[in-house]
Amino acid sequence: MEAAGCSYQFRIALLGDAGVGKTSLLRCYVAGARGAAEPDPEPTVGVEFYSRALQLPAGLRVKLQLWDTAGQECFRCITRSFYRNMVGVLLVFDVTNRESFEHIQAWHQEVVSTQGPDKVVFLLVGHKCDLNTRCVSSQEAEELAASLGMGFMETSAKSNCNVDLAFDTVTSAIEQALQQGDIKLDKDWAGVRLLHRSPNPRSSSRKQDSGTCQC
């Protein structure tokens, strides 16, 4: 079983406008290095989820429950109900679509207003960095991420650029916050669940890279 040997389960969501490539990012990550580029998938209807087990540098093995949310306004009432049970959020925009970038603050505010900023690890993700028709600069995105107190990374599911790194960065940050007591287990909160106890996993001291992709 995928959860065998996993100490925790982390719920992580991808949020952003429709068409920014959230589903492609998730499928690329779950498929791993064996995955191949695929045609643009159909838009997500409501919420779908994937899972993957991950061995962290500190020695801890965790199960990731990865939630793919619809970006269309007609599904927002459905997806909002899931926000309070997320511990990690990738806020995704399309570097070739300025409007999707301008909506990031609204997506961020929706999560914060649901459960506050303390329980959630955020990462701003500029997707489709392989395309040469960008209308959002890396500098502008970095400035927005800094103003919201999160890291920034550029990715491309098509070229498999920084896809693993984006998810692994969020996961390691969650694990570190958990070990430091900044995130606490709560039986009424599904963001982090204890699957079985492990013998004192040491906290990771490795700093997370948040460099941009040279696509």
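FYI, residue positions are counted from 1 along the chain as it appears here.
In case you wondered, yes, glycine gets a Cβ from its N, Cα and C as well.
Quantities reported herein were computed from a predicted structural model and do not represent experimental measurements.
According to Swiss-Prot, the feature GTP binding site maps to G19, G21, K22, T23, T44, G71, K128, D130, A157, K158, an assignment based on similarity to another entry. Swiss-Prot lists T23, T44, D68 with the feature Mg(2+) binding site, giving similarity to another entry as the kind of evidence. Taken from Swiss-Prot, the feature region 'Disordered' applies to 196-215. The feature S-geranylgeranyl cysteine is assigned by Swiss-Prot to C213, C215.
Positions of Swiss-Prot features highlighted on the structure.
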residue : record              : CB count, 10 Å
G19     : GTP binding site    : 14
K22     : GTP binding site    : 28
T23     : Mg(2+) binding site : 22
D68     : Mg(2+) binding site : 21
K128    : GTP binding site    : 26
A157    : GTP binding site    : 25
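Using D68 (Mg(2+) binding site) as the reference Cα, a 10 A cut-off selects K22 from the binding-site residues G19, K22, A157. When the alpha carbons of K128 (GTP binding site) and T23 (Mg(2+) binding site) are compared, the span between them is 12 angstrom.
In the three-state DSSP classification, D68 (Mg(2+) binding site) falls within a strand.
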